[in-house]
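Annotation source Swiss-Prot lists GTP binding site at 10-17, 57-63, 122-125. Taken from Swiss-Prot, the feature region 'Small GTPase-like' covers 1-205.
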Amino acid sequence: MNDIKVAVLGSEGVGKSALIVRFLTRRFIGEYASSSECIYRKRMSIDARQLNLELHDPCSQPCDGKSTLNEQIHWADGFVVVYDISDRSSFLTAKAIVHLIRELHLGATKRDSDSVIFLVGNKQDLCHMREVDREEGQKLASESRCQFYELSAAEHYQEVLLMFSKIVRNASLGSKAKERRRRPSGSKSMAKLINNVFGKRRKSV
């Protein structure tokens, strides 16, 4: 049975844990905060294959855990990078995260690189407060070779289910190639840049 590891990344308050809990339980949690590391596990059947899924939200760790983000990027088979469409700063953070992942995966094959990152604009139900146009998200995803979704964890269970199912499928296809190669360790300068991006975050919603 294959183990698939997916990291869910993004700024504080963009709805990372809400998306995960919605996927796992169908329930929507409007406010969520944790001072401890959160790893969610689920057994799935994808294309008649049994998979053990681990969903990791490193943003739920305490402040001193942010230095492990570099390790999480190497650890994961797939990435869900989330921003809030009503918060432009969260979009800029998501853009920085995507670029960091790409820098660390320069040696990846194009197929694996294309399928591993999903850029998700959350809180579509707040479109009346929109600060990030859908076209901006699509443009970033296209330029960075990401899959793109814009949805609402509060209102769109089926879209959340589809998004997670698709990234698990894509990550499972890429994980065999990943096992055959040794990823290079992140540089100190890259780790410092990650810390600069995430230095002010404390809790995840």
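Yeah, the Cβs are placed from backbone N, Cα and C, and that goes for glycine too.
Feature map: Swiss-Prot annotations on the structure.
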residue	record	Cβ within 10 Å
GLY10	GTP binding site	28
GLY13	GTP binding site	19
LYS16	GTP binding site	29
PRO58	GTP binding site	24
ASN122	GTP binding site	27
ASP125	GTP binding site	15
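ASP125 (GTP binding site) carries a helical DSSP state (H, G or I).
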